[in-house]
Amino acid sequence: MEANKGTRRRRRNRPRQRVTQNQNHPQQSSPNKRRNFSRPNLHSVQNIINLYRKTPSEIILELFNPRFDLEKLLEMDEIDDDLAIKLIFLFEKAFECNSMSTKLDALMKLICPCKFFQEHIFNILSPSRDTFVESVLNLCSIFVYLDSFNTTTLEALKSKLEYVIIYLPKFSQQLNDLEKFFEESENLNKRKRGKTFSNLDQNGEQDDFTKMNIVPKLEDILNDQTNFLRKNLTNGSYQSVHHYLDTQYRLLREDFMRPLRDGVCSFRDIVKSYKIRNRKKDELSKEIMKQLRQIDNLNVYFNVFMESCIAIPQGIVYSLKLDLNGMKILDPRRLIFGSLICLSSDYFQSECLIGTISEKDKDFLKTGIIYVKFSHSYLDINERKNIPIANVRYVMLESTVYFEAYKHVLKALCSFHRDGEYKFPFREHLIYSEHSMVEPPDYLINSGIDFRPLVVKKNTYYHSSLFGNVSFRDQNNWPSADDMKLSPAQYDAVKLALNNKLTLIQGPPGTGKTFVGVKIVKLLLHNKNLWWNLEDDRCRPILMVCYTNHALDQFLEYCIDECDLTEGVVRVGGRSRSERLAPFLLSNIKQKLRNENKINRSIKISIGIELKKLEGLRNRLNYLNEPINTILNYNAILRINILKDYMNEKHHDQMIMYSDSLFDKNDLDNDFCLLEWLGFFQDSQYSLKQEEPSTSQINSITEEDQYDSDNEDLINQRVLESDIRFKNIKKNLKNKNKYLLYENDISKMIDAFQILKNDQVKPEKFNIVNYLRTKTNESLKFSEEDFSLLENVINIWKLDYDQRFFLYLNWLRKFLSQQEELIENVTLEYNKSASIVEELRLQEDKNVMEQALIVAMTTTGSTRYHNILKDIGPRIVIVEEAAEVFEAHIVGSLSKHCEHLILIGDHVQLRPNPAVYSLAREYKLDVSLFERLVNNDFKRVMLNKQHRMRPEISVLMKYFYDKPIENNESVYRFPSITGVTKSVFFINHKNMEKSNSGAKASKLNPFEKNYLVKLAVYLTNCKYAQEDITILSMYLGQTMDIKKQLKVAKLDRIKVSTVDNYQGEENKIILLSLVRSNTEKKIGFLNISNRVCVALSRAKHGFYTIGNFDFICSYESNNKWKQIVNEMKLNDNFGDLTLTCVLHKENDIKILNLTDFDQRKNCCCNSKCDILLNCGHKCPQKCHVLNDLEHLKYKCKQVCKKSLMCGHLCSQICCEHKNCNKCGVLVNKIIIECGHILLNIRCDLLPTRSMCNTICNKKLSCGHLCSQICNKHDKCAVCPVIVDKNIQQCGHIIKGIRCDFIPMRKDCNEICNKKLSCGHLCSQICNKHDKCAVCPVIVDKNIQQCGHIIKGIRCDFIPMRKDCNEICNKKLSCGHLCSQICNKHLNCFKCEIKVDKIIKECGHEIKSFRCDSEPIRKNCVQKCNKKMYCGHNCEEKCSDHIQCTKCSVKVFKKIKDCGHMVEVRCDYVPTRLDCKELCVKTLKCGHLCTKKCSILDCGKCENLIDVNSTCKHPSLIQSKCSNKIWHYQQECKRPCYEVLKCGHVCESSCSDCFGGYVHTRCKKQVEVKFRCGHITTTNCFSQQNLICQSVCSNFCPHGTCSKPCGQPCTPCDRPCEYKCEHFSCSKKCHEFCDRPVCNEPCKNKLKCGHNCIGICGEPCPKICRVCNRDTNELFANTEAKFVLLVQCGHIFESSYLDSYMRKQSLELINQFPQCPWCKTPIRFNYRYSKLIKAQLIEFERAKTTKIGNERQNELFKSNLLDQIKNFNQSNDEFDNKLKNLISSDLEKLNFLSQNNLKLYDTTWNLFINLKIFKNGIKIKCFERQEHLEHLIFEVEKLQDLFIFEQGELNLFQSEQMLNDFMCELSRLNYLVSLFNLEIKFEKNFKNSKDPMKVSSLLARLGELLYNKVNKFESDLQFKADEYFKKIEKQVPIDEKKNGCVIS
């Protein structure tokens, strides 16, 4: 949550926060009490109770938290009984977890033998604690089940339980079950597990399927006998749950096991017979290898070697190197993750190593390396050798049956044993086939359903109450099918889904089963309160399951669109290809949570611990494996100091003693001895080459041969100088590895030995790796018997080098064997730790999934996550494509918590497809759960109205469905296919099929392939898009052949698929190849009606099927094809296809053979068009059906010649006019407007006055004639005759003006002479004045105010009293006369005469006091002497006090305010401040005051009350009773969840966003891609102002740019290096090159000696045209030249790349050119430097624009700092703090871009605006204090936005914050106006026209502005303005709304 609240709000919310912390998080309490909670007692009873409230997985994580210290707790000497009982309950709940088996196993091993369980629990077992006894009993059963060896440990506890249960007979059955477990466990092998169910039939070992391994073992593969199987029951019921699971498990296991087993047996038989015939020991011939590669269901790989053992996060894997020669490396189905493989070094005669592929190497096509995980147990001695050995040649078999899809399903079936017989989901229906009474789902019974989503339009159902809450039981009041806008069948399907907890919905092709499924999901989601996040239960999402990823994505996208889902959906699985589902992918959601640090802390800690442990184990394994891997890769040999432990001691001494005498007796020289003995120095004259003795001669070596006499002579021949050089080189040889001599070390030692023999001729470089590999291979010819002889040889120096290497390799094997034992122990621990990490990762997945509304996954995914789903327990499971899925897959998706299963599918279409056909035929494995339930008469609804196929296609469905399928009216409007006579057609032929050679051959029909490809070419030429055409076939071989042919025809966008892979999809045009046509009378898949139904129902507009229908109809078994063909014949849709022209039917071409397609490339023929155009002419073009068939674009060029209305003929070109309204004949015409005649005018022209040049001569209104040219004027209003005229305004006459001129008063220069009101005449000029009001005559006048006369003033002057200088002399009220000057005073009240007066206040007399003044008490000098109210006389001076109140007598007085008594002075009036009692007043709200009476402000109630939230969340919140409604916006703690302008959902609380007025910054992590191509992750709010900080990628030959990428680069001024022998550049490096591009071939030579394939002056490609000819077909062109792109290393043919770059130069906008293959940006290339430098210049210009000019930035910064410095409006603490923050930020940052500076400027200006508003409301007087408090509250709320809670500056970076802030300021302005209106309305209430209406309008304004939180955007501002206007009409208000206007 973003901390952006000020201190005021924190102070207000602190009391409640403190309560929350003290209750829930004692470790987070106040600092002064922290000491008490810093180390809470985690082993307390209360903590165990709190832990029990968590989920089982959370309990396990907490128990294994090192902080909990479980081991210490379990071994404590004393434990409280209550704590022990609670712990047992806790452990029992922990073992309910299904998804953390490794942790549970570890927990069991801790609990079972511990003192707590063996002693404490034993002692407190008692019949009085029956619940506790039951829990202990359950734990014991679990422990025995998990590990059969626990029977010994639990024997004593079982005895105690037997005694206790004597008194608790209700547990006797459970005890019996436990005893059975004990009895069975004692007889089990340690690898086997206990019985699954307590009620198993005692039928021997074969009845318990849980004891069968999932991953096959040696005996499973090499045994050619079929395992015991049970037949799948397609009708009727099973005996029990175990019987049902056993049947499904065995059949599914056999389905993947048999192909591998049969394949291995076939392999063994072929090899065995070959060896018997040829008597060869090892090598196989090429013919046999080819035969082996053709075995069905197997991919065979020869010459496979194990290279190394590697530790990866998933466990230990082994790298295998494959021989890629002849391998189909492009087949994507090979060597994929999870594939099952077998290895053998003896062709599977006695050895078979079994594993699964983990992954392929990234460079697999180059290295041929795959990584395999082998299945073996280190606890089983027989299985420990199930791993490959290095340097051994293996054969690898890969099963084509995908094992990964089976493994998780089988695991899921096994996992049901933990729940037992009675917790199996839908047991009565799935096991016992109870179909007569299927009850409704439990969560729907006794509930009300809101049907509005299906009844009311989208996004409007919240405003309607129709069908808003309909009782589930009252189904008569449910909405009808018409209400829901569903067809009757769809309505029945929805109704069935609600009424039956097991629902079957059958959807034939195109009937919209997905549509119905989405409607059901929409209804369930809207009513999620019935099934999701219920009280005392976890969130249980809907589980949505589909068979394929494509169908799942389609279904989920539809649901998201229909239900408007933006969150709450989790798509599990990484194979989704939908970009729209990317935000919902589980992996993306987890990454987002990790970025936001929202991952469960316990999981995070546990993963960290295990990863650290894994890292340590990995390092240990690498250390142990490093010498092994290096030796096995022939890169090193073992040192002599290690070998001596595995050698005969005598042999070791011989090796040292008989070697060269210059070798000292140290480790390094001993290694020289070893190298010499192994023959590394054999080219030297001192390393003698002896004859190779045979094996029979080995024993003939005698002791006499131990000493070689020649050695002494050889020593004497050595030169001293060489000897010294040899020793010097030895000093430089250092080997830090105690195990190995590396290749480099051996090479140096060989060089040193060359010096020893003084060889002046430098020998060729010795290839050590090849030497080691060769000698190792040569030594393989020896046997173990040879080794026993060599072990006892007398002189090892007499052996030949092959024998020596054989002896060395045997010593090496002993060393490797010892190392492998060490590795095995570490590997076991590593795999265990890796399993824990995987489980913890799955817990992350579970945490995400259980918070969702919908979890979507494939059937394989649901079984993989079966244990996770069992923990989550989805209440609703929806399966789409249910009839295509194996029954075990669906059952594996269920859990005991499932209450509602909805199966949507169609058993008439594709069935499940077993790998073994016999299992489908004999054991009914291909019958789905959907079909089995239909066979058992379960109620189902079949949708019967199809929307996909045109009627001619859909008619075929009647042969597959019992009920008729109706056509929706839309299918009748489908267009016919252009270019063919029929849109549906069956093409019959007689051509035979073919087969690929070999046993794996698929069926092909070349004629059908060629026919359909030509037809596809024809249709695309007819303007059909390739994406609108799909070609289907029943056989994979045919589809592969068609794909190749389409690629040649450049139609690779046409989809080609097998029928099996196309269910659920559709296209406009379908072309179907039936393939089968043979002499064996077999039609194969065409006999399967399910496949035929799918094949015939995929097309929408056009469907064309080709096949030998006579053959198919003759040999089919179900009579379907005959009926279908007869239907086609009846409608004339059978035979030979006819190509047609829409216009010229006579030119139709019937396709009798393939060459007929060449006669017409498209649907246009060669005839003339001849269509009658709209103009009446015939189209003269050639047939152009595809191009403007309706002739909308064609322009007719013929002459029109139509008769015109005038009688003449039209002479225009047809296409150049629309209407025949032009006639060029010249005639005379009368102009209608003026009546004149116009001569020689075109007939089609209408003469107008504008053409008339005659004088007008019309009579004007003045009587004169108009003298203007007719077309020169519009009106006859001009008359130039000179006349005299009267001026109307003044009456004077003006002479000599034009007749058409109207004189005005402004033209009059006469004297006015009008009579004034005073009687004089006006003497002003007429045009110089407007009114006659000036009179300059001098007169005397009377002053009205005072009555005096003023003389000698102008007549037009009115005298005032201020002009009077006379004495007043008016009589005053006192009787005296006023003596003031008249104009010096207004009122006559001053009188300065002295008189005696009585002081009214005290009654005393005062003398000589001014007459006009009244004496007051302070003027009195006498004593008071008045009797006070208390009875005492006052002794003070009268002038010293006003009232006689001072009296010091102590008396008891009653406090008026509260009524309490208090003792005080007599003159003191006690107040509540003096009261010592508690206040007992009842406040206005009705609550009692809880404060002391002396606290005056008891009006604010501190009690919390429930109020309605003013925010968008319609809920009750708690607030103080005294709080006003505007405070409520900060009380709601629910998440905001409003969609921000950036598109993300606001995740802050409602109170943080002020109820929605101003949202906090969006902290969503977003990925920002800069123009430079770099990508970074940042917070959403800051992405607009980011500058790329990555290292700049720009470079040149002189260096790379060292600046950050977002800053401008420094141009390179060094000379350009683009030179060759033909041209050179004279420019600088950063400038455009002035040389042309060279196209001459490069003359350089490659390392191989061949010519370079590059271009002169360009970098040379490393590929040779000759050496690499086989790898690239481009090298076939010997003249082609190639260009190397240095950045990515890809090579392209120069002409292609030049063309590509030219195209890029036209298309590129603000980005670098890219590699055509990998899309890597090309930032440097000589050949295309102009294009690249142009983009570089654009990039630099963009950088400069964004960052700005440095000097201008500094000036901007300086000005902003000056503004901040000069801001001194107040000494407010907040103002100063904000000033300091902004100033310090600006001063300390050295680099600020223009954008960043604008952010600071914007933030400062917003603050200034807010400050102006705040000052304005403080100055403005508000008659209600409540108004001022409200506005101050709102302003301080906005003020808190500028500074975070931590004291950091908050810049307004996002548009959201800026917009919200301005909206709030606008709202506050309107709020001021509202307050003013309310006051003025109260004052003018009586004068209002309609007071009630005004009150209502004011209330609505209040609702708009503060009673309800609504963001005050433009629409609300407009609404508020309308309210103001309405109020001003009703209330007589002089002023308009007056707010504090903000700039």
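The backbone N, Cα and C atoms fix where each Cβ goes, and this holds for glycine too.
A TrEMBL annotation is a machine prediction, not a hand-curated record.
As annotated by TrEMBL, region 'Disordered' applies to 1-39. Residues annotated as compositional bias 'Basic residues' in TrEMBL: 1-17. Annotation comment: TrEMBL describes 18-31 as compositional bias 'Low complexity'. If you look up TrEMBL, you'll see 1175-1198, 1206-1225, 1262-1281, 1318-1337, 1374-1393, 1430-1449, 1485-1503, 1648-1666 marked as domain 'NF-X1-type'.
Between the domain 'NF-X1-type' (1206-1225) and the domain 'NF-X1-type' (1262-1281) there are fewer than 3 Cβ pairs closer than 8 Å, counting only pairs 6 or more residues apart in sequence, which means the two stretches are not in contact. Outside the domain 'NF-X1-type' (1175-1198) by six or more residues, the chain places 978-979, 1022-1023, 1141-1144, 1162-1169, 1213-1215 with a CB less than 8 A from a CB of the stretch.
Applying DSSP to the domain 'NF-X1-type' (1318-1337) sorts its residues as follows: 3 helix, 2 strand, 15 coil. According to DSSP, the domain 'NF-X1-type' (1430-1449) comprises 3 helix, 2 strand, 15 coil. Looking only at the domain 'NF-X1-type' (1430-1449), the predicted model's pLDDT averages out at 78.
Counting only same-chain residues 6+ beyond the ends of the domain 'NF-X1-type' (1648-1666), those with a CB under 8 A from a CB of the stretch are 1618-1623, 1638-1642, 1672, 1675, 1678, 1680-1684, 1686, 1691, 1694, 1726-1727. Tertiary neighbourhood of the domain 'NF-X1-type' (1430-1449): same-chain residues 1402, 1404, 1417-1424, 1465-1467, selected by CB-CB distance under 8 Å and a gap of 6+ residues from either end. Look at the domain 'NF-X1-type' (1175-1198): DSSP puts its residues at 0 helix, 2 strand, 22 coil. Note: the domain 'NF-X1-type' (1262-1281) comprises 3 helix, 2 strand, 15 coil (DSSP; helix = H, G, I, strand = E, B). Sorting the domain 'NF-X1-type' (1206-1225) by DSSP state (H, G, I as helix; E, B as strand; all else coil) yields 3 helix, 2 strand, 15 coil. Across the range of the domain 'NF-X1-type' (1485-1503), the DSSP-based residue counts are 0 helix, 2 strand, 17 coil.
Across the domain 'NF-X1-type' (1374-1393), DSSP helix (H, G, I), strand (E, B) and coil residues number 3 helix, 2 strand, 15 coil. For the domain 'NF-X1-type' (1648-1666), residue counts in helix, strand and coil come to 0 helix, 2 strand, 17 coil, using DSSP.
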